[in-house]
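Trainee: The structure's right below; bear with me while I get my questions together.
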Amino acid sequence: MSITHLIQLILLTCLLPLTGIWCHRRNYELQQNKAAIPLWKQRACEKARKHKASSHYICDDRGDVKCLPGWQGDLCQVPMCRKGCDPMNGYCQRPGECRCRIGYTGDLCEKCIPLPGCQHGDCTKPFECLCRSGWLGLFCTEPTCRTGCHNTRGYCEAPGDCRCRLGWAGRNCSDCSVLPGCQHGTCNKPLECNCLAGYTGLLCSTPICAVNCHKQHGYCRKPGECRCKVGWMGENCDKCFPYPGCVNGDCERPWECNCKPGWGGLLCDESEYEYRSKA
């Protein structure tokens, strides 16, 4: 029975000839029930129906406010968020929602959002970028190189790495790198090619032959050697090979057979007398 029906019943009863104790008791019960409900709740239930349309409660027969499912608060104006929604980082505007405040994410708004651009870091509060092991920098983009890696001559692309810049070499990039192609040389600074003993040339690829080795007729494959080219012989490759079979002749250049005095013929194997007789 609603409050309105109860009031109408009391008024009707009291207007009838049946007055007295019963009518007095009914009025007393009505006053007692309404007195137990706070005035602000009574007024909420007495609002015009058009105002109740946007409310999230109903009123029971006693005139007390009862929240609809999913709502809470004195006048049921507070929606009940999704179960588990973080009470500090999340909120809702209708029942069952879980909207995250700025800086938080996740189904229940339980995760912080790191600093935009943070690549290898995490956060414990919004917009932090706490670098994981092996990374440095504002956005945790700079890897920590291997211990001992030279600060300026080396770099790394991953934690624990050590790559050498142009002109440097070695495990920690502390050694200079010789000129590319340098075969038998060293360096005191990047891209040098200082030849070791016994070698010469831009790339130290040419061995230095024996001291007296003929420059045109001799060559060497290692320092101190003297190998003769075809047609030459001798310790220093300064003697020509005569024509094969030349007996009594010499040469000034390979494969000659210049007859000595008193000899003639193609191979200088005929005496001058025999040679002239044939002529």
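Placement of Cβ uses the backbone N, Cα and C atoms for every residue, glycine included.
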Trainee: Name the cysteine that pairs with CYS164 in a disulphide bond per TrEMBL, restricting the answer to CYS156, CYS162, CYS173.
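Mentor: Answer per TrEMBL: CYS173.
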Trainee: Which one, CYS92, CYS109, CYS112, is listed by TrEMBL as the other cysteine in the disulfide with CYS100?
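Mentor: It is CYS109, per the disulfide annotation in TrEMBL.
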Trainee: Consult TrEMBL and report which candidate among CYS67, CYS81 shares a disulfide bond with CYS76.
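Mentor: That record, TrEMBL, gives the partner as CYS67.
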Trainee: Between CYS76 (disulfide bond) and CYS173 (disulfide bond), how far is it from one CA atom to the other, in Å?
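Mentor: Approximately 71 Å lies between the Cα of CYS76 (disulfide bond) and that of CYS173 (disulfide bond).
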Trainee: Does anything in the same chain, at least 6 positions from CYS164 (disulfide bond), have a Cβ under 8 Å from its Cβ, and if so what?
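Mentor: Spatial neighbours, sequence-distant, of CYS164 (disulfide bond): ARG153, GLY154, GLY170, CYS173, SER177.
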Trainee: By the count of other Cβ atoms within 10 Å, pick out the sparsest of the disulfide-bonded residues CYS67, CYS109, CYS173.
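Mentor: CYS67, out of the disulfide-bonded residues CYS67, CYS109, CYS173, has the fewest neighbouring Cβ atoms within 10 Å.
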Trainee: Can you name the residues of this chain that are 6 or more positions from CYS100 (disulfide bond) yet have a C-beta less than 8 Å from its C-beta?
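Mentor: Residues satisfying the criterion: ASN89, GLY90, GLY106, CYS109.
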Trainee: Can you give me the average pLDDT across the domain 'DSL' (34-76), rounded to a whole number?
Mentor: 75
